[in-house]
């Protein structure tokens, strides 16, 4: 329940601008300025209670408490490591990024690329901090997280061994911005060890809020050089790596001194005149620093002697910093994949710079409710979250073209908070999405999920080529104008997870989550049915009614259990007393806590209707319905509910094996009827909103 309330609170805060880079969320409620002032007033250096300098901050396995790798580690402040520590020395540069004993080269490559764009850098690394004025042992950084910016506060105690920083450090021994940035990112993800292993674009996106694309260099686009050049000019961040065929090859060094599975950052491209012909060059950087490419165009390679000496002086900087040049043709041969985090994605496909429009959806895959798996599982696939976008305006550069006009969209599906789960053995889920064009007759269909039959009848217009266990999968699609349904999913069903779905479109797109409507029109027996004489029913009622001709919750329990216990077509262990109390609460019109004959007859007819729906929805006649079938049952019962409510129902009423027995089903129906009835009574002006005091709200939810 607390999670649902927190989600509602976040949504309301976002509508008021909270979560922008200028108004970042305070991670764990810590405010940098307030905490720093408290430390300055008290004369005490900050010690972060939320990320203490202790073994748990290091890791949980290889860097866990008691691990040989963590023996001898001492946490020290920069003021204890050198006489005159500096936050940044001479501006932040790529050489400030030197890898330590943590396998987070992917992150370091992203940080190195970040230094190429000062505006981006200082969004992540605020300028208002140093070791001189107002120093209080506290620093702060900002990161993009799933659609919103968060401010992370840390103290400056860093893990050291033998007097040296253990992890990320700068070539300048007295410069600490990069080490502190790594610590803040470790805090955001739970610990340092959680940063081991990843994709460079993950860091790119968390530093910029951009969206990433991947290029397979075994099948490079013909205009690869132009793509890279324009991306760098647009301030985009680029990384590349060499794939390995087995774990044994990881970090292996090739004969020409390239490190396999290592994350390199792309820092520049140039074209030179080489022996009378243009030669395209690309500049890369290895965060390790010590290992550099030894092939053509490397430091001291003979190729440099055959170009204009002035160009050679400009480009050939002989520094052992891990940065080097190579030809574009060698780059394509040697590397496997290129990753680009687009800050202005349209600059890659058009000479003109346009501001793309962004639509952001947040959602959950909840086991038993909205975790339907991929198209290989048609029985549950349709229960995945569904989002609709409408594309009306075609791309500008195609409005006058002869071919079919199209709308370019860039889709990115990102799973949330998976690094936190590494410590409990849960890695990234395999995720993907599919895009379906909505037929004209269904374009106005937004109140409920499209069902199984739709997905059996229609094929996707665009989709991820494969499901992969990366934090984000993304891709471009060129679609004719129209209405489209986007379905994000995990590969296998019943996998819990959170996600955000981003849709960039060149022209503005209308967006709506399918099934976002909440409404209820439950079955009400006709008065003639209630008034109809039934001798058997009357004898049953009189048998358990008291002298006042009223039935209590205990009597109701006995009566109903006796009536339904003989059925063999449903699994029924009996109604519990709380369900019976809910029944009375719904129909007790005079507040006595009991039911009269007419009220009981109404209840009896409702339960018969619930039984009919339950039996119809139990497609495999197992005697129970599963949580995915519950969505259909609710619709049959007259309830239109959004995904959040569906997920809450699955969490509350389904058992561990995702089955819902008849008692739980009836309890859910009764509870929903009660809540809709209460809301309708309180919503006097019928605007879909009610305002209650705390006492009034408690009385309602405790009914």
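Using the three backbone atoms N, Cα and C, a Cβ is placed for every residue, glycine included.
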Range annotated as region 'Domain III' - as stated in Swiss-Prot, picked from 308-331, 332-355, 356-379, 380-403: 356-379
CA pair residue 599 (Ca(2+) 1 binding site) / residue 262 (active site), Å rounded to integer, equals 71
How does the model score the domain 'EF-hand 1' (575-610) in terms of mean pLDDT? 88
Assigned conformation of residue 629 (Ca(2+) 2 binding site) - DSSP reduced to three states: helix
Which of 590, 622, all binding-site residues, has a Cβ with the fewest other Cβ atoms inside 10 Å: 590
Under 8 Å between C-beta atoms and at least six residues away from its ends: which parts of the chain pack against the domain 'EF-hand 3' (670-703)? 520, 522, 579, 582-583, 585-586, 634, 637, 639
Spatial neighbours of residue 286 (active site) among the binding-site residues 588, 590, 594, 620, 629, using Cα within 10 Å, are none
